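These notes are about the structure you will find just below.
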Amino acid sequence: MILAHNLGFPRMGDKRELKWALENYWKGQLSQEELIKVGQDLQNLHWQRQKNAGLDLIPVGDFSWYDHVLDMSVLLGVIPPRFGHPGGGVDLDTYFRMARGRSVHGTEAAACEMTKWFNTNYHYIVPEFQDHQDFSISSNMLFEKVVAAQKLDVPVKPVILGPLSFLWLGKAKGEDFDKFSLLDKLLPVYGQVLERLKSQGVEWVQIDEPILVLDLPNDWKTGFEKAYAQLANSGLKILLATYFGALGDNTQLACRLPTEGLHIDLTSAPAQITKVLDELPAYKVLSVGIVDGRNIWRNDLEANLKTLEYIKERLGDRLWVAPSCSLLHSPADLGLEFKLDGELKSWLAFATQKTKEVATLKRALTEGKQTVAHDLQASTAAQQSRRQSTRTHQAKVRERVAGVNDKLTQRQSSYADRAKAQKEALNLPPYPTTTIGSFPQTANIRKARQEFKKNIISEAEYDMHMKEEIKKAIVEQEKYGLDVLVHGEAERNDMVEYFGEQLDGFAFTQYGWVQSYGSRCVKPPIIYGDIARPNPMTVDWIKYAQSLTSKWVKGMLTGPVTILQWSFVRDDQPRADTCLQIALAIRDEVVDLEKAGIKVIQIDEPAFREGLPLRKADWNEYLDWAVRCFQISAAGVEDSTQIHTHMCYSEFNDIIASIAAMDADVITIETSRSDGELLQAFATFNYPNEVGPGVYDIHSPNVPTSEQIVSLMRKAARYVPSERLWVNPDCGLKTRGWEEVEAALCTMVEAAKTLRT
Ligand code: GLN
Ligand code: ZN
């Protein structure tokens, strides 16, 4: 039978109810009972909604109090010893302690590490494996959810993360050992989990193995065969779910594993269907992920149907229809958006709408198109309006993009010549000191912004407030003795939203939240149309800051790749094309800043690395256009104008050539936590330009000592010649308090003075 199903629903609730409940619970303002009720109500609502949409199988276990990988860790009993868990069932507080730090005795215990879930902006809690790690079922959460769903007559399909992906995403701690060696011990416990589900009357279970879209070592591939041969005995029907990319060289492996079904992502990798159809055994169900689970565009149902009809011809009833991946990565419900205009709204679909799209497609396949004629027409009309709208296509932008050539990517002279010109123009001391851009976003600043938004204060009043903040930042920096100052970014709520709001082609939602980690959500802007910059965006603020001081003030911009990466991006043209449009807009801003007398300009690219494709073979294509876009944004200025960029992470080894190709005069990076080690990459590659290794860990309330900073910088000088070194924090100071900032920056300046002598 052709079925419609879903891989996962967003957890937070339409208005982030889970977020508020969690945070109140952590503050002690909500009892555990009340928290659990909020969670249960949300799950019920989401199940009901998916059922009403017409789904035949509904995920259970996709809901999580914090993170679904953490759920697996507690289900399987993977609790790091520092949390003091006495063994047995893991309670909710232990679960939260793992995510947020603190042991059962109330003492500090480092929180488990958190890292990005594949190429999404969701962060999961990294499982930690000890050398002699044992596994045992240590939580009933999953089984209780199954009971709750069954009570409501929900057609239950439990979702768990598969054993190979679970191990892959974890980390071996302590003794150096290969985490893969734990597979043998892990499998029996997975077997027990399936047995329990079976005894609960479950028919289908979804086992996610997203690592099947990655480049896998051979032993891991063999591990898949072994694992699923063993799990095949459970008596449950297993739907093996893959997403975020093509199975590629793992196609045969995935198709031949002894599971009753396979889910593939046809949104991110439409071309893989041919190969999968050729390899799929005749007994197996293919779940086709055709509604994009990671974006917000309404599907072109007629086009989808063409694809599905073709697959149906090959598979008949063995076809299921689904979103490409869990809807965790899309906002909950478009119905709540009252500020978007009707036209734009008609182009969009959030999670709730996407489940309906899936059900509509299934109905068209099983009962005929005429039964859903209305939905199909509405979908087609939306596609048409989007294609023809003048809002998506601006002739001027198109013309300009067509005229882009290599010349636009190059500065006038090589770095060596520019460095000379900049030295003369800027007259900075050796080991110049600077910061990354933001200063503390105080309660005062947030209050002014709120009041401005609510029309309590006028724009002029708001601007006055912001100018006062900028003045304060300048006065403080002069007091500390920094060499290159910043304006402090008080006027920016968010480094992407701030620019998006001033660019054509961007839209903003009221409730378009997506979980980032735990209770934290982000609300990415929507890039729906051609991007143009009608007016300068930052020039007045920076000019004002510069007017207050005789030191150089650094202009502060967000780079094109980061703006792209942290938005929902239009899907009617390649991402590279959209990025190029942003790059041209930023280029204009850079040139305008220069014209206004600003001689140092920073173009932040903290999201540059996260755009890397999952497969190494695809890296170059991405890096080529990403580097080119950055270059285009930066290259419009004179030699004597100094371009900085900033990236706040510490993995550069594998992309250092591209970082160098960006050709920023100065790059500031996060290093304080890696003890300067990562500079090795810069040394080995012989990185040619200037580097500012972060010497102040802004994620910690600790203030470094001058000795620590001097020692870090001396270490850095072993890798990068001291004439090319800057002294700066790891990242922006937005989340810190003024007191710590003052102490840390004064120490930094003192350390720079020591270094100079
Ligand atoms: N200029 C930004 C700031 O200082 C950079 C933020 C970031 O790297 N994420 O806040
Ligand atoms: Zn940063």
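Cβ from N, Cα, C; glycine included.
Annotation comment: TrEMBL describes 4-314 as domain 'Cobalamin-independent methionine synthase MetE N-terminal'. What TrEMBL lists as 5-methyltetrahydropteroyltri-L-glutamate binding site is Arg16, Glu17, Leu18, Lys19, Lys116, Asn121, Arg520, Cys521, Trp566, Glu610. Residues or ranges marked as region 'Disordered' by TrEMBL: 377-398. The feature compositional bias 'Low complexity' is assigned by TrEMBL to 377-387. According to TrEMBL, the feature domain 'Cobalamin-independent methionine synthase MetE C-terminal/archaeal' maps to 432-753. Residues or ranges marked as L-homocysteine binding site in TrEMBL: Ile436, Gly437, Ser438, Glu489, Asp604. If you look up TrEMBL, you'll see Ile436, Gly437, Ser438, Glu489, Asp604 marked as L-methionine binding site. Under the heading Zn(2+) 1 binding site, TrEMBL lists His646, Cys648, Glu670, Cys731. What TrEMBL records for His699 is active site, proton donor.
Per Cα geometry, Cys648 is the residue among the recorded positions Arg16, Arg520, Trp566, Cys648, His699 nearest to Ile436 (L-homocysteine binding site). Beyond the ends of the compositional bias 'Low complexity' (377-387), by six or more residues, the same chain brings 298-302, 343, 346-347, 357, 572 to within a C-beta distance below 8 angstroms of the stretch. Summarised by DSSP class, the composition of the region 'Disordered' (377-398) is 16 helix, 0 strand, 6 coil. Nearest neighbour of His646 (Zn(2+) 1 binding site) by Cα distance, taken over the recorded positions Leu18, Ser438, Glu489, His699: Ser438. The binding-site residues shown are Arg16, Lys116, Arg520, Glu670; of these, the one with its CA atom nearest the CA of Glu489 (L-homocysteine binding site) is Glu670. In terms of Cα distance, the recorded positions that sit within 10 Å of Gly437 (L-homocysteine binding site) are Cys731, chosen from Lys116, Trp566, His699, Cys731. With Glu670 (Zn(2+) 1 binding site) as the anchor, the candidate binding-site residues are Arg16, Lys116, Trp566, and the one with the nearest CA is Lys116.
Using CA atoms as reference points, the recorded positions Ser438, Asp604, Cys648, His699, Cys731 were checked against Arg16 (5-methyltetrahydropteroyltri-L-glutamate binding site), and the closest is His699.
Listed in sequence order, the recorded positions among Lys116, Trp566, Cys648, His699 whose CB lies under 6 angstroms from an atom of ligand 2 come out as Cys648. Compute the center of the Cβ atoms of His646, Cys648, Glu670, Cys731, which mark the site for Zn(2+) 1; besides them, the chain residues with Cβ within 8 Å of that center are Ile436, Pro606, Met647, Tyr649, Thr668, Ile669, Gly694, Asp730, Gly732.
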